[in-house]
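S.K.: Here you go, one structure.
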Amino acid sequence: MKFLLLVLAALGFLTQVIPASAGGSKCVSNTPAYCRTYCHWGETALFMFNASRKCCISYSFLPKPDLPQLIGNHWQSRRNTQRKDKKQQTTVTS
């Protein structure tokens, strides 16, 4: 009984001392990024944590790029200008 209690105490202590290697540690406290040797599928490296480890973050947590907003129907207006250019070319050449 004493041996079983000693084994359980040792296992409880070891789980506190040995870090979990599968999950990785957090790189920065306010981002959902983890310090790993290799990034998982669906992740990208933000920066190198040290010489052999990267700070990996999921693509879903990356900020979306700001794209310019098109006003109105851009493709329709472009098509009309192309038609006008063709009409002007035919009238000039004939």
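Using the three backbone atoms N, Cα and C, a Cβ is placed for every residue, glycine included.
Grabbed the feature section from Swiss-Prot, which reads as follows:
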- 76-86: compositional bias 'Basic residues' (COMPBIAS)
- C27-C55: disulfide bond (DISULFID)
- C39-C56: disulfide bond (DISULFID)
- 72-94: region 'Disordered' (REGION)
- 1-22: signal peptide (SIGNAL)
S.K.: Ten-angstrom check, please: count other Cβ atoms within 10 Å of the Cβ of C27 (disulfide bond), all chains counted.
M.R.: 19
S.K.: How far is it from C27 (disulfide bond) to C56 (disulfide bond), counting Cα to Cα, in Å?
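M.R.: With the alpha carbons as reference points, the distance is 8 Å.
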S.K.: Can you tell me how far the Cα of C55 (disulfide bond) sits from the Cα of C39 (disulfide bond), in Å?
M.R.: 8
